[in-house]
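In TrEMBL this protein carries:
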DOMAIN    C:5-225  domain 'Glutamine amidotransferase type-2'
ACT_SITE  C:5  active site, nucleophile
BINDING   C:243, C:394, C:445, C:448  [4Fe-4S] cluster binding site
BINDING   C:290, C:357, C:358  Mg(2+) binding site
């Protein structure tokens, strides 16, 4: 499973934005490792540096020095629609009649082909298969006839799907979040400017203060002089469709998303998991690193309930197993998992173990982990998952797996338990997720765990209709 | 001085076009060393591989294997308008309403900004500053309303300047040459297909036969099944503007351009040079490799005239001095030229030497060469140049130098002779060039040696008006 | 602080050793990231592949395929004596009169120069400044006159310092540990062979069973047919000098060293830390990842003691900040630490915090962490360190810092507390370390925390004399 | 065919030697493209930078800046004995009892294994299979007991074969040439120092003056302060064994070797070729670049003899076909040659052609060239070779081919003519070579064209015995 992208936008008073953008992208690197890019504008012209690779490999000091200008946007990407390679790396830049546009996009449009075809009928030619180019062309076309705010509003009326965007129109940085607020976007204040980012951790990295989440359907326009920002509630929505998986899986534990600290949410989900399906064992053990916060909450709840349970790291993660790793041959396959995760024998031997993770996708890793535990001498191995079973794919910007690959798409929990050979297996309930996140079920996108989506997706069920709204605006100048 | 680009297009009967395109680009590598690219179409979709670097570095076997399809185009590039870097490498690909386009361009438009602005007014957004994207968008737009031939004709009616293009419209390969025929383009026949290329040497490399030059203003449409081609004389022009410098400098000696073998042209220019300004010396010596054919013709004419003159290589060229060379410090500067060209002492010592080259651009190298000759013991050093003095920049697709850098732009020949410290210096006359190439002066682009251009260029004189013509067509099926 | 090296040696029955060596080196990557290498022997000749870089970058499938032979050794390195660069990467290979040698070395000789000079007097010429070449030459020389076991014994009699070696003499793999057992070395059994490695985690990775630690002064000779091994107690020592820092800092938590599981040792050290200097706060927090096991033990002890203390992750580590990171400017310096470690606000705000780490070297990071905690709203920040203060450099193979850089070398604990602005600061006592590791103080190398070394080092105090012993042997064939 | 190596050594008065060494290696790049290296000594220590790759890729400015010291040696290498890869790149450096040695070697020892075994018996361990390490160890050993000159003399008494060496002993640069003078070595004077090099072109590049060839068996010791040099005739030989192929093939035309300018020698060989086997044709044409000087001499002789023959370039060489070239498939094989050499049709069509080259090795290229000529319309194709047939391999440092691959090793000239389908074929006689080079046959190494070698090579005939001589010395201080 991969998050598809991270976006950032920065306007400063008297400093070049390139270095803060660079550090922000480092903070968002977990959201995309395929390519990275920064586009800045110095008041006269745009500067761009986009390449495939990790942030640290894409930019050197010279690159940053050439990215002049106090305003800019950035992007990290894991490839999704639009195919592979440098062609689809972002930010995407275009120049048009009256200026230049740069776009960073996190999310996935469901009607991109439709909008693309309309634009093509008007003569537009496209260099990529990506959603982002479609948004850019539509916006550029609207800007021929309308001012910036109205142009964005018109584009929002035409595109349908999930999107958190940071946009540069000449030297003005904008942030837009789709009307359902599916992908996260926050705004923060720096000592000498403002920042928009996928996660608040990027703001922390710049020593800034999180102001608040950008609202679903809201446009934020940073003042190019770094002194303030305007906001426009361009689309009003009755219900939202926040991605609950950001909290469970993708976002950094130290980020705040839609009002909740991710680390706290995970600990609380862990507590709820114990409440719903706690079992008495000798030791509670996270699958590192993803299960750690869940396990910590789970163990705490167990101990609070008077259980004599040990919270212990029983699996050592090898952080060097990376991209260039030579895969073991068939014979060595079993050993492969021990390269990545090695059991700490004393913690496991002769013990009843509860293994805590955030999800089961294909089931392969869980099977191997249970076997590892038994080989290391575990008497019982119980598996607890801090989220509901994933039964359907994500169409909103996460690279999960095909429906066929998802073990829970056609197996009952008991069948999965048997497959992974655990002594017991429990998932968290959907309701517990909604309650923990302080949301109505209707305000979350639960497509991957219910199979019902808050967007019209061909061949999939819809959980409701989507409304399109009225314009409003407020100003937060200083 | 650099040629800007080389283009190629191939349609075959039953073979993938990728490898022949690759070998063609090798044959055209001297026309552009900055980037290389191939775009093919397999009947269903386009495949593209474009990167910065030499042909041999850009493609490996795997890359060629993935470029499926019996039709394709290719490009080698030296960067000109449109700036640097991977963004402007070609072929340029776009998809639009009813298909895909790929373009390879050699030349330079003089009204690109104007056409770009018109398209921008219609909502077009551009990802680069290049001419090629402008042509692509204009053509894509025309294709919304017209068939391929009429669409190309309409685009040719709008763009003004020099262009030899190979174009892929879905799996159809086209070749177009501008109405003045400024840049070269030829068509050839292979055992199992047809090829369009900047120079006939690319056809030789594929063991094909040169059919003829593509005519100024002509469109050639290769049949996607490799069995034939159609031609359309889309624009009829009263006069042409062939670049004479292709013959003098850029093209390979083994290429045929506009009916003349380049090697023969250079030898004949050398003979004319002797006739116009021959001088009796002990030895005639080329500046390698550019002056070799001129010197050979010159020496022959001298010997035919009964002169007792030796034709000898007196300068040894080091072929390894390349891109990554560490420049000598100021103190070592003088020695630098000897790294690249070292005099063969015995050939020079105590001799009166005639040094033959094809041009003098800034004068720096000539100065160093004359000094080298004297250091090696030459008694006299006479310089003869196989072309007229370059007095003005090129706007048609050659990266010459700015007017300020051109030594002949504000110095008389006598002043240049003094600057380079030669005992005598002569250039070839413009008339000799025209006669040798078998053309009227009016049918050549002589802008760089006369300052009068066959195109309307802001701030420069024009040698005449340009006509726009009537449509015609012929078919060469088999 | 860096461990200097990891070594491995493998003999198999019917499989090539290259891939198991590769996976072992992955398991030992934390012991050296500068270079990696494998040398194998196929019965006829040696094969070698050694390069600078991480294991995953150094080897591709083709490299492994060419490393034929069922016997081989491997090495990962962080550069120490012998300087930088590819010249000193290991294993070091030499051929000599009657065969070939390959050596992998972890440790540091204290009399290398002396032995080198003696060999030089005999005509030996050296290609590097490294200890390893000295050992190789000495061994090669001894092998002219003696059998393998006696030759190794004679070399052990001449070299002085810390060394765990894996050696290939033709196709025989040996393991040797210095008489004080300073650096770790273990032997394990695979389904079809035997393995020697710096840490038992490498054996786990191959699905093997740890047999035991190689004893100080012991030579282990693997049978080239993978069916067994012989051992020879070549040097008998009265006391050992195990490096306690392997347990505290370097080794993987899942490794067993000298009879102790590192994870357990760290948890126990954490418990002892609470017992010695526990303080009541709201939350106990590890500095990730190094302080995690200590903090877990500390928190457990606190809870066992009835404390109402929360064990929580309060610092989020960014795993992408790596080698190619562009350092912040002076102004941005403060922000730099937040790129690497970002506080999770809710866990910290309004709380009294105990921060647990394994060491303080220069004090810079601790100062920044305390400040981070306060910025995040911590009411009190107490720092507890799971080891004694480092007051002196390491000469035995760890790249610690110069004495000048070590904050504890000339500051009292109170002065350090003030410098890092903590509310309180405590270290663990040396005795607690010895007791936890189940060793006499005399059997540990405590040089870096006492300034008294178990080896004669010029300008440093010695904690005792070192004895040189008698030969013995045992056989563990099957 | 490949030359194996180029060597250089420089001592300057007040400048670092690194940059002059770098430019010298550029001038010698044609002698080895596999690796390049420089070793300097600054009076205190040695600095070394050796890598695989071309000179321009191996060194950047930073590398040169770190190579401190006014004395240094350099090397370019094509791999021969000692195998492939970075391990065998040179200069080879070792440190030993009383200092450091650096060696650059051009040539091939015939008794390296024997000397290596002797040294191994004394305990020497070797890191490579190369000759150079053997020479280095032997010299280091001798230096334990004797002064530099006597040590070199003793080593020269033990090693047998071809060698031109530049050596650094601490900061003293030496040049040594084997007693038969097989490989070239010259000494030259710079404004502020002295230089030893394989070819005089390297001296020209530094704006220096060629003093003379180093004599066979002579040792030249440059003064480390750059003010002069001493010479010692360490071995006196009655006859020499200069490699005639340096003149015919390897050396640069602008180099002086053993008193002869290579370009002049080649022109004269061309004249002799016409005298011995001239034939009347319409055009004389070189195979570029190797046949150019021969063809020029041949054509001149033909014209002097009153022939109406045209000297013309009829083959265009593509200079971009290099290392990374993707080889054509079997089907495309024929086309491959036209990528590298394309006939200029007008020069060939309907003409009787004489094609001049310097050698025929396997015959493949010649066959293709004759066919190319006929395809281009040549009426007759006559081939003339400026050297005798190569009938046997080279053991002295040139990578020619195996005996089986050499077409002339078991075919008569008539059979070769038939194979390559030429109308006639002639080689130059051995006597003409000797006369042209102004040498007795006995003073040339003609092994490859006679099968009789001036060295004892197992399984090959010897042309005479080799003498070992008396010591002498002279001084050329200033």
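Keep in mind that glycine also has a Cβ here, set from the backbone N, Cα and C atoms.
Spatially, by CA atoms, the recorded positions C:5, C:290, C:357, C:358 include one closest to residue C:394 ([4Fe-4S] cluster binding site), and that is C:5.
DSSP gives residue C:448 ([4Fe-4S] cluster binding site) a helix state. Other than the site residues C:290, C:357, C:358, same-chain residues with C-beta atoms no more than 8 angstroms from the centre of those residues' C-beta atoms, the Mg(2+) site, are C:249, C:286, C:287, C:291, C:294, C:356, C:359, C:385, C:386. Same-chain residues with CB within 8 A of the center of the C:243, C:394, C:445, C:448 CB atoms, the [4Fe-4S] cluster site residues themselves not counted, are C:182, C:244, C:245, C:395, C:396, C:398, C:446, C:447. Fewest Cβ neighbours within 10 Å among the recorded positions C:5, C:243, C:394, C:445, C:448: that distinction goes to C:394. When the alpha carbons of residue C:448 ([4Fe-4S] cluster binding site) and residue C:358 (Mg(2+) binding site) are compared, the span between them is 14 angstrom.
Other Cβ atoms within 10 Å of the Cβ of residue C:357 (Mg(2+) binding site) number 22 in total over all chains. All protein chains considered, the CB of residue C:358 (Mg(2+) binding site) has 24 other CB atoms within 10 Å.
Taking the Cα atom of each, residue C:445 ([4Fe-4S] cluster binding site) and the residue listed as 'active site, nucleophile' are about 18 angstrom apart.
Mean pLDDT for the domain 'Glutamine amidotransferase type-2' (C:5-225) in this predicted model: 91. Listed in sequence order, C:249, C:357, C:358, C:359 are the same-chain residues six or more apart from residue C:290 (Mg(2+) binding site) with CB atoms under 8 A from its CB.
In this structure, residue C:243 ([4Fe-4S] cluster binding site) is part of a beta strand by DSSP. Secondary structure at residue C:358 (Mg(2+) binding site), as computed by DSSP, is coil. Between the CA atoms of the residue listed as 'active site, nucleophile' and residue C:243 ([4Fe-4S] cluster binding site) there is a gap of 14 Å.
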